[in-house]
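If you check TrEMBL, you get these features:
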type: ACT_SITE; residues: THR388; note: active site
type: BINDING; residues: GLU348, THR388, ASP559, HIS560; note: Mn(2+) binding site
type: BINDING; residues: HIS506; note: substrate binding site
type: TRANSMEM; residues: 15-36; note: transmembrane segment
type: TRANSMEM; residues: 48-77; note: transmembrane segment
type: TRANSMEM; residues: 89-107; note: transmembrane segment
type: TRANSMEM; residues: 119-139; note: transmembrane segment
type: TRANSMEM; residues: 151-171; note: transmembrane segment
type: TRANSMEM; residues: 202-219; note: transmembrane segment
type: TRANSMEM; residues: 239-255; note: transmembrane segment
Amino acid sequence: MVDSKGVLSKRFKPVALLYLTGIVINFITRLLLLFVSFNDLSLGLKNIAGVFFIGLFYDICFLSFVSIPFILIAWLTNDLLFKNPWKKGVIVLFMIGIVLSVIRNPIPKEFDKKLPWVFTGLVVLLFGIYLLLASKTDAYRHRWRTRGMKVFFFIVLFLFVFNIISEYFFWDEFGSRYNFIAVDYLIYTNEVVGNIRESYPIGWIIAGVLLVTLLIFLLIRKRLDGWAFARPGIAKRSLLALGLLAVPVLVYFLVNNRIKNFSDNDYVNQLAGNGVYEFGAAFWNNDLDFYRFYKTVPDREALAEVRKQLLERSPTDSFLSNDGFSIERMVNYPGPEKRMNVVLISIESFSAGFMGTFGNPQNITPYLDSLSRQSVFFRKCYATGTRTVRGLEVLSLSIPPIPGQSIVRRPNNDSLFTIGAVLRERGYTTQFLYGGYSSFDNMGPYFSANGYEVIDRSALKPEEIHYANIWGVADEDMFTLALKQFDKNAATGNPFFAQIMTVSNHRPYTYPEGRIDIAPKLQKREGAVKYTDYCIGSFLRQAAAKPWFSNTVFVIVADHCASAAGKTDLPVTGYHIPLFIYSPANLQPQVVDHMVSQVDVVPTILGLLNKSYRSKFFGQDLLRMPPGKDRAFISTYSGLGYLRDSQLIVQTPPHKVEQQRPDFSTGTAAKMAINDSLYRQALSYYQLAEKIFKSGGYKQ
C-alpha cells in the first residue's frame, strides 16, 4: 500500500535497494561457480533454467532475513524515543543491556574469547550514540540516520561482495555450497581464521573487496538519501512493514533446502541453492532424526536383519541376549591371545588416488607405495564420511555413520564402547596423539571421556617443534613425540594401543624446508601429501630399531578423502582410501582385492590379537570374513550410502531411497531398480545404529 506522494515507498527505499543489489550479487556468485565447475555440469535448458530460477527463489528467501533490520529501522524509527517520558525508559533499558552483556553475554566464548567483549562494546557504543542524538534537534537526527543507513548498507554490501570470494574458495575446496563444514568453521574460529591467513593473501583480498564495494556503493548511494525525512502515517507504515516481515516468517516455516534438488547432477543442485541460506539450514539441522527424515522398517525387523548380516560374516559369534535392541555378542577366537602393541595412524585427507599404486604418476607417495608390497594391503577400502571427526568416530566405535553431526561432536558421547575400552579392560595403555590442540573438533574431550590418555601439541617443548602452522606441529614432530611415548609405554611392561592423527596434509599445505623435493613455499597439496608420506616412512624406520617393534602391529588408514565432490550425492571415488596393516614379524604381505569398509578396521585389529571379546561393534574382522560378504558404508551429513555387490543404496531426506550402479573409476552412477534385499539391509544398518546410540545402548 503506497500513498499518492510516494512517501511510504521512499521510507522503505533501503529495503528495496537491498533486495535489488542482493539479487544481482548472488546472480554473479552463481555465474562464477557455474563457470569454474562447467566441466562437471550436465547443462541443458532444464538445468540452466532450474539453476537460475530456483536460485532466484532461494536468493529472495535469504534476503528476506537480511532485510529484517532494514524493515525495522524504516518502520520504527521516530523522534518519540528521544523525548520524555520515553527517553528515561530507553536509558534504563540500555543500562540493563550493558549489565547483562557483562554478566551473561549471548555470544558463547567457545566461538572466540574476544567476541563477547566486542558485543558489550557495541552495546556501549550504541548507548553513547543514543545519548548524543537525544541531545540534538529532529533535523540533526534525520541527517544522522541517513548517514547511518549508508554506513550500515555499506557494511552489508561489503559482506555480500566478500561472500562471493568466500563461496568461491569453499566451492574450490569442497565442491559445494556452505554446509556443516562451514558451521564447524564458525565454532572453531581460531584455527579456521589462522588457516585462511596462512593459505590466502587475505590482505589483498580484503583490499579488493573494499574497492569493489566502494565502486558499487558510489553508484547507488544517492538512492539512500531522504528516506529518514519521509514520514508516512504509522498505520500505513505498519501495514507495509508487517507484510514484508511476514516473508521471512513464511520462509522459515514453509521452505527447506531440498527444493533445489531437481537434477541428477549434484553440482547443478548446489548451484541452484544459496550459500548463506544453506549455511543457515546446516546450522539448524545438525542432528537429523532418522525416524522423521528417512524411510524405516519396523525396529524388530531392522534388528533381525542386522543380526543376520553379522552372523553371515562371522558364524562363530554368539549373541548374548534376545532382549531389547542389541547386537551385543561374543566374538570367539581359538587359541591364546596375542598381547601385541597396536599403533593406529589415521592420515589426514588422504585419497587412494594420491598413490602411485593406484596409477598416480606424480611419485608423491614413494614410501607408502613400497609399504603396500610389505604389508597386508587393502586396495578397495572405503571411508564412512568426509570429515576427520567421522573418521575418528568409526576408527574408535566401529559404527555406521548416523545422520547429522559425528558422535565425536555430540552430547552424551562419554563411556562408549570403543576399541580403547576393550583393550583397556585387558590391561592395555590407550592413548590418542594429535599434532594440534585437541580441543579442536572436540577430539580431546571425546577421547578423554572414553578412557584414552590424550597427548597433543601442548606436550611438546618449543625447542622440540621444527615447524608448526595453525593446525598443529609438523607430523615429524608428533611422530618423534610418539616414539618417546612408546618407549615409556613399553618400559611399564604393559602392551599399548595408540592412535595418531596426522595434521600436515591440510591446507595451507606447509611443512619444514629440506625434507622433500617440493618446496613448502609453493603450498601445493602434492607437497603436503609427499611430506606426510616422508614422515610416515621416517617414523616406521625409526620404530624398526626399537625393541618393541617386533611385537607391534601398525595400522595405517586415511580418515577421509581429500575431496568427496562429484556429479552424484555420494560419488564412490570420493571415499576410496588406502588401508595398510604392517607387522613384518607377525604378518605375511598380501594384497586384498575385495571391497572393505573403514567400519571393519577396529574388529580386524582385535582379530589380529586373537582376542575373544564381548562386542557391540557393527564392523567385523576383514581377515576371516567369508567370500562375497563385502559391503561398505559411505555418507555425507544427510546422505547415507550402502555399497554391496557393485550396487549402491542411497538414502536422503525426506524419505527418499534410490539404487544406483556406481562407476568405481569416474564416480558417476546410473539409477536402477531397487533390490528389496539390499534396500532392507541398508535401512536396517543405519536405523539400528541410530536407535542403539541415541537410546544409550552403545555405552560400555
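Along the chain as shown, residues are numbered 1 onward.
Positions of Cβ are set from backbone N, Cα and C atoms, glycine also.
Sequence features annotated in TrEMBL and their locations in the structure.
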{"residue": "GLU348", "record": "Mn(2+) binding site", "DSSP class": "coil"}
{"residue": "THR388", "record": "active site", "DSSP class": "helix"}
{"residue": "HIS506", "record": "substrate binding site", "DSSP class": "coil"}
{"residue": "ASP559", "record": "Mn(2+) binding site", "DSSP class": "coil"}
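Of all the binding-site residues given, namely GLU348, ASP559, the one with the smallest number of surrounding CB atoms inside 10 A is GLU348. Here the transmembrane segment (15-36) has Cβ contacts under 8 Å with residues 9, 51-52, 55-56, 59-60, 62-63, 66-67, 70-71, 74, 153, 156-157, 160-161, 163-164, 167-168, 171-172, 216, 220, 223-224, 244, 270-271, 274-275 of the same chain, all six or more residues outside its ends. Among the recorded positions THR388, ASP559, HIS560, no residue is found with its Cα located within 10 Å of the Cα of HIS506 (substrate binding site).
In this structure, the CA atom of GLU348 (Mn(2+) binding site) is 7 Å away from the CA atom of THR388 (active site). Within 10 Å of the C-beta atom of HIS560 (Mn(2+) binding site) sit 26 other C-beta atoms, taking all shown protein chains into account. Sequence-ordered, the extra residues of this chain that approach the Mn(2+) site, with Cβ no more than 8 Å from the Cβ center of GLU348, THR388, ASP559, HIS560, are SER346, ILE347, SER349, PHE350, ARG387, ARG390, GLY391, LEU392, MET501, ALA558. Beyond the transmembrane segment (89-107), the same-chain residues lying 6 or more positions past its ends with a Cβ under 8 Å from any Cβ of the stretch are 81, 115-116, 119-120, 123-124, 126-127, 130-131. Taking all protein chains in view, 22 other C-beta atoms sit within 10 angstroms of the C-beta of HIS506 (substrate binding site). Long-range Cβ contacts of the transmembrane segment (48-77) within its own chain (Cβ-Cβ under 8 Å, at least 6 residues beyond either end) map to 11-12, 14-15, 18-19, 22-23, 26-27, 30, 34, 145, 149, 152, 156, 227-228, 237-238, 241, 244-245, 247-248, 251, 255, 257, 259-260, 262-263, 268, 271-274, 276-277, 280.
Sequence-distant contacts of the transmembrane segment (151-171) (same chain, six or more residues past either end, CB-CB distance under 8 Å): 14, 17-18, 21-22, 25-26, 28-29, 32-33, 36-37, 66, 69-70, 177-178, 182, 200, 205-206, 209-210, 212-213, 216-217, 224, 270, 275-276.
Counting only same-chain residues at least 6 apart in sequence, those with a Cβ under 8 Å from the Cβ of the residue listed as 'active site' are GLU348, SER349, ASP441, MET501, ASP559, HIS560.
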